[in-house]
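Per Swiss-Prot, the features are:
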type: BINDING; residues: TYR36, TYR171, GLN175; note: L-tyrosine binding site
type: BINDING; residues: LYS234; note: ATP binding site
type: DOMAIN; residues: 360-417; note: domain 'S4 RNA-binding'
type: MOTIF; residues: 41-50; note: motif ''HIGH' region'
type: MOTIF; residues: 231-235; note: motif ''KMSKS' region'
Amino acid sequence: MSGDIIDELTWRGLIAQSTDLDALRAALAAGPLTLYAGFDPTAASLHAGHLVPLLALKRFQRAGHRPIVLAGGATGLIGDPRDVGERTMNSSDTVAEWARRIRSQLERFVDLDDSPTGAVIVNNMDWTGPLSAVDFLRDIGKHFSVNVMLARDTVKRRLEGDGMSYTEFSYMLLQANDYVQLRRSFGCRLQVGGSDQWGNIIAGVELNRRLDGESVHALTVPLVTSADGKKFGKSTGGGSLWLDPEMTSPYAWYQYFVNTADADVVRYLRWFTFLDREELAELERATAERPHAREAQRRLAAEMTTLVHGEQHTRAVQLASQALFGRGDLRELDEATLGAALREAAGEGEVARVTPGEPATIVDLLVATGLAESRGAARRTVNEGGAAVNNQKIADPDWTPADGDYLHGRWLVVRRGKRNMAGVLRDGN
């Protein structure tokens with residue numbers, strides 16, 4: 001039934017820490033195991049870093065086990081302690097709305113059906129909300145040693161700095177209680193999470209033992225960083241790489257992964273996709289022998305975009321990538337994809353704008369987009385054959401766009417040479 005999911009996770013490099021693996025293998029072999037991972041609504045969307053534990057649940061489900069996905073409506077109000085200081089306290093209404101939005105994202109990654117492996121989605125506010133302070137302190141707090149809690153690395157670092165509120169200090173107890181409640185209600189016996197959650201997860205293992213004399217398991221997946229130690233999942237503009245397409249466009253998502261470094265791409269393929277060993281070995285060979293072709297990066301970007309946004313968006317962004325660099329018809333692109341691509345190309349800057357009724361020549365456009373430093377440089381670019389609009393070369397420095405030149409009535413794609421491209425947006429449309 002399970003194949004050997006532990007071997008699968010091991011060769012993919014997806015086990016950071018665990019309780020006794022032999023005991024876990026035995027539990028998995030005995031029949032369908034129920035496991036869970038939790039995701040706190042600390043923003044309106046999950047981000048790319050959440051995918052590793054979320055996909056781990058999916059891998060277990062494919063191997064014949066039942067995942068529980070927990071949206072932390074209660075723990076999201078408290079906040080897991082960080083090294084960098086207290087989290088902002090968001091309102092109950094805000095966290096509830098974020099939990100609702102995140103739940104809809106979580107539902108896309110696991111199979112919700114009536115089979116023995118059908119996933120369950122829960123919110124820990126359902127059992128934490130009714131819990132009184134007295135019951136919390138007597139029934140849960142009694143089983144925790146303050147000395148052990150103070151020994152956590154994050155707690156020690158915070159106490160050496162500006163300190164920590166009791167609110168965040170108590171987060172571990174709430175997460176531990178989640179594990180107890182899920183075991184009691186669903187027979188859950190494995191918690192999966194990021195390696196930064198190890199202390200909280202082990203607290204849940206211990207609380208199950210202390211309260212009910214029950215033995216349960218824990219497994220963490222690695223936190224994702226690049227080979228040079230940079231934090232994974234930051235977009236071009238420096239913000240998080242969100243799963244919500246309104247917060248990170250499918251085009252920006254695709255471009256992030258297609259620009260993955262050679263040193264990271266095979267590891268990311270192991271962690272983020274379901275490609276088998278043979279496919280991964282071939283892509284690893286391609287990266288070593290033909291790095292310029294970026295076959296592994298393009299496959300990673302396609303797999304990740306399809307996973308999060310669907311095949312239709314993958315095809316659209318691939319078409320946009322080709323068309324924007326002169327290898328396709330820009331007029332075939334839908335406006336949302338075209339606009340997202342041109343805004344992404346602007347990075348942290350603003351997309352250049354033109355006002356209807358105020359003629360702008362190709363020289364004006366090159367300067368406005370920053371593709372030329374001066375009007376003289378722009379003229380030289382045109383005279384040397386290096387200027388193009390919508391993939392059509394422009395040879396006249398006095399050329400101005402007609403209404404029909406604007407894609408979807410709004411956009412121009414201006415290029416200097418083969419690799420330097422920017423968008424121009426016409427106001428008032």
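Glycine too: its Cβ is placed from the backbone N, Cα and C atoms.
Taken together, the residues of the motif ''HIGH' region' (41-50) have an average pLDDT of 94. Between the listed binding-site residues, namely TYR36, TYR171, the fewest other CB atoms within 10 angstroms of a CB are found at TYR171.
The DSSP breakdown of the motif ''HIGH' region' (41-50) into helical (H, G, I), extended (E, B) and coil residues amounts to 3 helix, 1 strand, 6 coil. Within the domain 'S4 RNA-binding' (360-417), the DSSP-based counts of helix, strand and coil residues read 19 helix, 12 strand, 27 coil.
For GLN175 (L-tyrosine binding site), applying a Cβ distance below 8 Å and a minimum sequence separation of six or more within one chain yields GLY38, THR75, ASP80, GLN197, ASN200, ILE201, ALA203, GLY204.
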